[in-house]
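Feature annotations, reproduced from TrEMBL:
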DOMAIN    100-264  domain 'Laminin G'
DISULFID  CYS237-CYS264  disulfide bond
DOMAIN    265-303  domain 'EGF-like'
DOMAIN    332-462  domain 'Laminin G'
Amino acid sequence: EGNPYTWWVGKANEKHYYWGGSGPGIQKCACGIERNCTDPKYYCNCDADYKQWRKDSGMLSYKEHLPVSQVVVGDIDRPGSEAKISVGPVRCQGDRNYWNAASFVTSSSYLHFSTFQGETSADISFYFKTSASDGVFLENLGNTDFIKLELKSSTEVSFSFDVGNGPVEIIVRSPNQLNDDQWHRVNAERNVKQASLEVDQLPLEVRKAPTEGHTRLELYSQLYVGAAGGQRGFLGCIRSLRMNGVTLDLEDRAKVTPGVKPGCSGHCTSYGMYCANGGKCVEKYNGYSCDCSRTAYDGPFCIKDVGAFFEEGMWLRYNFYSPGTSMKDLVSRTLLSSTDPEITAPDLNLNKEELSFSFSTTKSPCILLYISSYTQDFMAVLVKPSGNLQIRYNLGGTKEPYNIDVDHRNMANGQPHTVNITRNGRDIVLQLDHYPPTSYSLPTASDIQFNSPKALFLGKVI
């Protein structure tokens, strides 16, 4: 039925169903890509089920999924079925200068280097990533002269200097947040004719130098990378810092400096495996947290089971209150009977919704989920007598509800299944388990608003 017996688990505890020589989302081995498998009906040599040993091998090179933390092998309990698995070492390659990095853990942390020699020309470039909204990247002072680069706000990078003609500041403003914990590149240049600042692929900001006046930048202090002179320093990572063509060894200096750590591996690479059950590890400066929102678990490490076992005839109801009600309030008002007092219809009409949940059952037919309303509108997810999944939308304007039938998969096989349904106007996208998403459209006669949702039922329709 297309349900894999074997898979491997990579970063963030995600399961992957492709193998060496194949690619993400492609449920095949290398021979399936090259179309030369032992049995052409299958996409892996080992699926042929021959008496002789067969082999599927290759490199896993999609680095966002690496490293391999475990391999799960099934279907070997039949007589004569055997499997041998070997996983080779992780191999890394790249430019050591390009990845030379330091992590600034507190806002008073800094690294110091010898005075920057940039009298007539200065060329400074580096990458940074942060979730702080501001902080000084680097600064070098003279008597009155200075040169400074800083994150002014979550969307602004500033390059300022004084060569004796008064301070000059160039600012690049980004339409997107720069404190999104992703890498951003900064390139600042200054010579006797002009100064410029570039951030990522944004337009270059240029300032012409005055035709007369001072041109030499005279600096005396050490070069500070991070906080200097009591200012709020940079929180996060800086890498590949080059000044006039020379890469500064941030890692080496960070090894002997308190408050600064060499490299920028972050905490998730060390502790991310503690986020269980598919929880996503989120970097923090002094640690990490687990985002359990896409799992059926809760708690700091996504190990507290917040699912429920439904005996036959048992059901659960959540009432939707006014839009100001938080989800926590909704959950705390879970009822196991329908004897609650009726509430006035809230002023809540949805043009779009996103619904995701996991389930396992061996019973068909059954109702998994039903959302009622104060109008005739409803939405339901159910398993048909055949074991196939059906999604029903009734948003007014049509006599019959719009049905999405997934006829080629048996969902009542006792295995865990994940359902993701996203509706935006008429467009519905359905994703089941690890299969690619499928798009559907509501009929043109149908309304595009889900009017006044009332309650969500799990396991029964009232």
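Keep in mind that glycine also has a Cβ here, set from the backbone N, Cα and C atoms.
Caution: TrEMBL annotation is automatic and unverified by curators.
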- Note on the structure: All chains considered, the count of other Cβ atoms within 10 Å of the Cβ of CYS237 (disulfide bond) is 23
- Task: Mind giving me a neighbour count for CYS264 (disulfide bond)? Other Cβ atoms within 10 Å of its Cβ, every protein chain shown.
- Result: 23
- Between 0 and 100, where does the mean pLDDT of the domain 'Laminin G' (100-264) sit? 92
